[in-house]
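Annotation comment: TrEMBL describes C425, C428, C465, C468 as Zn(2+) 1 binding site. Residues or ranges marked as Zn(2+) 2 binding site in TrEMBL: C434, C437, C452, C455. Annotated domain 'Helicase ATP-binding' per TrEMBL: 182-365, in sequence order. Residues or ranges marked as region 'Disordered' in TrEMBL: 127-149.
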Amino acid sequence: MEQRILQIALDTPLHTVFDYCWRPQEEGEEIPAIGHLVVVPFGRREAVGVVVGHVQASELGADKIKNVIAVRRQMAPLSAHWLALCGFAADYYQRPLGEVMLPGLPKNLRALTTVALDKALKALDKTPAPKKRKAKARAAGAEPVDPAELPAAEQPQALPDPMQFGPAPSLNAAQQEAVDAIAGADAFAPLLLYGVTGSGKTEVYLQAAAAILQRAADAAQADGRPPQDGPPAQILVLVPEINLTPQLEGNIRARFPHLNVVALHSGLAEGERARNWLAAHLGQAHIVLGTRLAILSSLPHLKLIVIDEEHDPSYKQQEGLRYSARDLAVWRAHQLGIPVVLGSATPSLETWQHAQAGRYRRLELRQRAAQQAVLPKVKVIDMERDKPVDGLTSTLIAAVRKRLEHGEQSLLFLNRRGYAPVLACDACGWISNCMRCDAFMVVHRPERRLRCHHCSLELHIPKSCPTCGNVDLQPLGRGTQRVEEGLHAIFPEARVLRIDADSTRLKGSAQSAFDSVHRGEVDILIGTQMVAKGHDFKKLTLVGVMNPDTALFSHDYRASERLFAQLMQVAGRAGRAGLSADGSSGEVLIQTRYPHHPLYQAVTRHDYDGFAGELLDERRQAYFPPFMYQALLRAEARELEQAMAFLKEAANILDAPAITINEPIPMTMMRVANTERAQLLVECASRPALQAFLKEWLALLRQLRTRARWSLEVDPVDI
Ligand code: ADP
Ligand code: ZN
Ligand code: ZN
């Protein structure tokens, strides 16, 4: 019988694809298409892989090559575009292809049994049609199949005819211009939607999406075809964290009541995640709303990508394949020749620089959208003059009291969870160091625990000092729990709600907390960066920033960019729906010991442009990104020496005149969870030159013998 060789990508650290032999199980059975999932033997186990090539012969001898065990023919093959996306990511981030492809698929689809896959398909397969059977026949049929075509034939969900949209406000001129620019793009168009907080960026996304979907439906009609034969269209909307933006999902569903809207994020149950992923893959989902992981989903009819709050650090994956979803989105749009919208009031400096250089088109929304809403008044409070009690200055307390009297909400922002960052003994100087990390254990009073936020070690709060027995241990400093306690004491009549990672541990609890703020059941909200992002709290008129100063003196060159964005964003929660009861605009009070610091001064002026310009000048002069390309080699081991020895060898293994190879150094927080960590930064002014170097370098590094575990990050953000 005929036999053929397939190249298969598997989820292993080995930088190669694997040859397997395929033989038809029955007469006339066709070779699996490129993009099909298959099951193969791998070592002593079986593994699911993706077919990435057909070859005539294998270098493996006939006695070595193993047979494909099963082909997942019930699932349409992944498209050529998806394969190219994974290929690009693997290449750019220097990872094995299979380590990009397989973790990118929902668990249920790459399971060794087909139970979950079949169940997910069945749930989607409500309307089998003759067309569908034809598609299945083709999927199994003539070779070589162009996999890009197949999902289209796999019965994409028809756009309704005529299209119906939920009620929408009429756009202001700036919004309209932005919508026209997005929907009018008929080729690759990277667009920065630079709109101040509350300027109605969401409305721009929704109406641009509507216009693009409408056009697809119209095109079908103009051709005299029923809509299901017209060009389908899919839209991908990326958000930093879906649990923090339930509002957006609700808005999208209300605006497109007849379309299939699905969510993709890590909080979904596996079954739902598989279903939603397949709905996107089969063209049934018109709109996919997801977090960074959704950028790796299969969307055969993608026509628009939106990245909301594009500056947000959570678009960067910080383990495994350390990718930037924002950068992959731009690559994807480029590959497909479609528009990509990067929305923010505080764009990342990378994006801002692209716009300044004319590579991205800038669309501006300079004013708040809602009736009478203006940007809030921002003031700094000098904590040296107005000494805080329980962390709150008298100015801030008076401002909160005024809002309480008006029945309006206040938000206090403190980016530190827990009760206090450290527990200390006055008598002997003992402090609550983590025994496994270079970090303090944080006091969590409601849970009566000390917790390390780096290695998750937990201990009971000791009743007395472990060293000297003193029973009077003192919490030092202040986290959100302690502020919450203080607020109850100062405002006993107020309804106080704390929102942070601890208070929202249970599934659905973040959503219900935000719902109660929206319903007006909360007077004072205290929270971490979770409350700073994106929310449209209509009754909130005061924002107090409690202790932002530590970030001013960070060794991390990105710290001021981040702090500035965070303050502009949290300030942007105030006064979004109009004026306060006394006719004033929203108000933001920043408590600081450095009231004249240029960063705070820029926030009071709402001056993103000016501050971004200054930061970019600094970066240019210091040869930092975005004017320099970087990669970071990290190593960790039991002993620092082992990690350093590996990095020193790495630093000398390859000569490359265009590349700056810095000295290996221990990380700032050297020890975490009993491993010791070091890093080596390499830099180059040319991205292609750096890429070429990395390829060659990694091939050499893989041959080094070391006890250290190591990994490489391209475009690192925390260095
Ligand atoms: P952003 O995402 O830019 O911070 P949002 O999209 O949340 O802002 O919009 C802020 C508020 O303005 C929302 O309550 C929204 O409903 C309202 N809004 C947006 N566009 C308009 C418009 N054209 N007319 C009236 N209100 C609008
Ligand atoms: Zn002591
Ligand atoms: Zn620890």
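Cβ coordinates are placed from backbone N, Cα and C, and glycine is handled just like the others.
Annotation note: C452 (Zn(2+) 2 binding site) sits in a coil segment as assigned by DSSP. Highlighted here would be the binding-site residues (C425, C428, C465, C468) whose C-beta falls below 6 Å from ligand 3, but none qualifies.
Proximity to ligand 2 (Cβ under 6 Å from any of its atoms) holds for these binding-site residues out of C425, C434, C452, C455: C425. Taking the centre of the Cβ atoms of C425, C428, C465, C468 as the Zn(2+) 1 site, the nearby residues of that chain (Cβ within 8 Å, site residues left out) are D426, A427, G429, W430, P466, T467, G469, N470, L473. Cβ neighbour count within 10 Å across all protein chains ranks C465 highest among the binding-site residues C428, C465. Taking CA atoms as the reference points, C452 (Zn(2+) 2 binding site) and C425 (Zn(2+) 1 binding site) are 18 Å apart. Counting Cβ atoms from all protein chains shown, C437 (Zn(2+) 2 binding site) has 20 others lying within 10 Å of its own Cβ. A strand conformation is recorded for C425 (Zn(2+) 1 binding site) in the three-state DSSP classification. Sequence-distant neighbours of C455 (Zn(2+) 2 binding site) (same chain, six or more apart, CB under 8 Å from its CB) are C434, R436, C437, V672, A673, N674, listed in sequence order.
Per-residue confidence over the domain 'Helicase ATP-binding' (182-365) averages out at a pLDDT of 93.
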